[in-house]
Amino acid sequence: GSEAMFADLGHFSYSAIQLAFTSLVYPALILAYMGQAAYLSKHHDFYSNSQVGFYIAVPDKVRWPVLVLAILASVVGSQAIISGTFSIINQSQSLSCFPRVKVVHTSEKIHGQIYIPEINWLLMILCIAVTVGFRDTKHMGNASGLAVITVMLVTTFLTSLVIMVCWHKPPLLALGFLLFFGSVEALYFSASLIKFLEGAWLPILLALILMAVMLVWHITTIKKYEFDLQNKVTLEWLLALGDKLGMVRVPGIGLVYTDLTSGVPANFSRFVTNLPAFHKVLVFVCVKSVPVPYVFPAERYLVGRVGPPGHRSYRCIVRYGYRDVHQDVDSFETELIESLAMFIKLNASYRCSEVSQSEQLEEWEPGLTVIGSNTLRDHASYDLQDSVQHSAASVEVADSPGGTGLEYNSSKQVRFFIDSLVVSPEADKQVAEELEALAAAREAGTAFILGHSHVQCKPGSSVVKKLTVVGYNFLRRNCRGPDVVLRVPPASLLEVGMVYVL
């Protein structure tokens, strides 16, 4: 079948696809089509009512072997479609273009091997529905033909954009490519549209439904982010809140999940306004999916300080590629604490070694620092044996990759050392106190603060906007929640309700 031409780059390399296509797939397709065309040119009968099929051109002696090969080819083609669908849905979900679904990584070594149970069941139901509904291979062939030629036509349009945008070729070259290949495919597309009422309507209907779901989710997600951006509060408000309301700092670490990379989210401000208490160590965590396949672990965490050092508030941006495997909660929490400890030590060493940064110390939220990169490791090349140990604090954590200036002992404890990088005694004491506060908060426990959102329309909104909001709320309730996606333990979860009026 022609499905062999469409390979999934998420599961195979470029060289493997090029070798298989040029040496096996393309010659086989050309020979098959040429043989069928030669047979029809000699034995055609336009006045006959009998249908022309592929197996009429196959000799009787090899008809059964060809049938077996066709069945095997259909199995391979269906498997390629299933795995390709998994990859597309996973990447769309990472780019906030599809509702959250369960993604199971079936291989620890090969990250591209994934399985999505909901999509697999949906494909099975659709296959059974199409077979029972049509009960005619001719209608199924019309539907398949229109889907295949539409894929070719869309690919030609996108390739012309790639020629201009990615390859930086002249627009005339891209236009010539589009006209040459697009005109041929447009003829086949128009021929397939003639059979629209005879089964070809199915792929168009499914595409419209899928596009509607993606548009509803993506547009509402963007509107929610814009609402958060417009209703965030300043850091000055958070710092002045303690004097106005008598804010209480309770033991532990509070991880506040937000999509914002600056400022304080509105749901957290409402939380502390109505309940004037939050944790002694506060971390605003922003999980971002970046449009690259993988993010190196050394470049995953960006850590900065929110407010003065005495406020014990930090900001951490965690970056994942669209094909990265998210850590479980134990390793994520451990690496986050390690990144905070490394940031505290590096921040102190930079303040002591660079006088020019004295003006930046007055700012409450300077630039973020990539924790774990090779340059920072070289700058902070700690010699724990030769260093002067002024203070130490232990934290019970699970195993996690090393290389962040932390020492592991036999009881799986992380020990933060204050070493000779810190020059000033005052800064040395400050770092020791900050690390001890971090260790004490880690031992007291960690709370994961997530927003639980509900979207409403403004009075007088259009019917389309109301339907979009209703569809988004339906998808949000019936798909995976952010706590499951972020692998937050239920015992440590604290949801803060938030109503978005869009």
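Each residue, glycine too, has its Cβ placed from N, Cα and C.
Automatic, uncurated: that is what TrEMBL annotation is.
According to TrEMBL, the protein has these features:
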DOMAIN    1-239  domain 'K+ potassium transporter integral membrane'
TRANSMEM  12-34  transmembrane segment
TRANSMEM  66-89  transmembrane segment
TRANSMEM  114-134  transmembrane segment
TRANSMEM  146-165  transmembrane segment
TRANSMEM  171-189  transmembrane segment
TRANSMEM  201-220  transmembrane segment
DOMAIN    251-501  domain 'K+ potassium transporter C-terminal'
For the transmembrane segment (114-134), distant same-chain residues with Cβ under 8 A (at least six beyond the ends): 82, 85-87, 89-90, 101-106, 140, 143, 199, 202, 206
Confidence summary for the domain 'K+ potassium transporter C-terminal' (251-501), mean pLDDT rounded: 71
Interface present between the transmembrane segment (171-189) and the transmembrane segment (146-165) (three or more C-beta pairs under 8 A): yes
